[in-house]
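Here is the structure we will look at.
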Amino acid sequence: MTGKSRDTVEKEKEKAMREKAKLDEAKRAKEEAALLKPVQTQKVPFGVDPKTVLCAFFKSGNCEKGNKCKFSHDLNVGRKVEKKNLYADSREEKMADTMDQWDEEKLRSVVLSKAGNPRTQTDIVCKFFVEAIESQKFGWFWECPNGESCQYRHALPPGFILKSQRKAAEEAAKAKVISLEEFLEVERHKLGSNLTPVTKESFAHWKKTRMDKKQAEEEAAKKAKETQSAAGKNSGMSGRDLFQYNPEWFEDEEEEDEDWDLAKYRREKEAEDIAAEEARIAALSIGE
């Protein structure tokens with residue numbers, strides 16, 4: 001199957017761009033129609049509390065009256081309409097309903113109900129609003145120092161978490177962290193009962209076995225190297241062949257000395273570690 005020609009590809013791109021532009025134009029026209037559609041002035045029947053009716057201008061994002069609006073700015077007002085109690089002042093309930101009793105959902109609903117025109121001139125969150133939230137001074141009767149004309153947003157930032165919720169989460173995270181001693185104790189209980197206890201005698205036996213094994217490995221490696229060297233030199237190979245056969249034969253003596261010193265250092269270091277371990281076991285035996 002042959003690929004598409006350049007002209008065909010260009011035509012397909014132009015067609016896709018035209019379709020995208022057409023969809024964007026239809027979307028823009030729909031948004032403009034929704035914005036420019038006039039909102040009818042609301043009329044409330046006699047005896048009906050305007051606060052039980054959702055403000056049409058607020059719903060469309062054009063209400064500039066804020067708390068002074070006689071209609072409700074609560075989007076859920078239609079779902080919870082109740083007969084107004086003429087013998088109780090709802091403001092007293094709001095005064096008792098303080099922010100320390102709210103969850104995040106309640107806080108957002110109160111913020112939305114107190115909002116004026118949601119179309120602000122900037123996306124920056126008002127610093128007075130954030131301070132009121134953090135200090136738990138925000139409530140039904142809180143007023144922004146900038147007034148109703150505040151150009152900054154009075155809305156919770158994305159991912160906002162109350163201080164009390166953040167503190168509870170931090171305490172829960174700290175509770176999950178265990179100390180080193182607790183971890184070692186848990187791991188110790190996971191061990192079986194058929195283990196060999198570490199004593200001075202068992203450690204000495206382990207040390208001797210390990211040193212003997214290491215010495216045997218070094219002697220075997222040295223013997224194998226000498227055997228390879230003798231086999232290569234007795235075969236009449238050229239210098240190039242010998243180098244390709246085993247480049248280690250042509251290393252400088254200084255490098256060999258460095259390798260030997262490094263091996264010596266490792267042995268001394270291991271001996272120091274073993275001596276320290278013996279001292280630790282001896283101290284444990286004395287303590288018992």
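Cβ coordinates come from backbone N, Cα and C, glycine included.
Segment annotation: TrEMBL labels zinc finger over residues 49-76 (candidates 49-76, 77-104).
Along the zinc finger (120-157), the predicted structure has mean pLDDT 79. Remark: secondary structure over the region 'Disordered' (1-25) totals 20 helix, 0 strand, 5 coil, with classes taken from DSSP.
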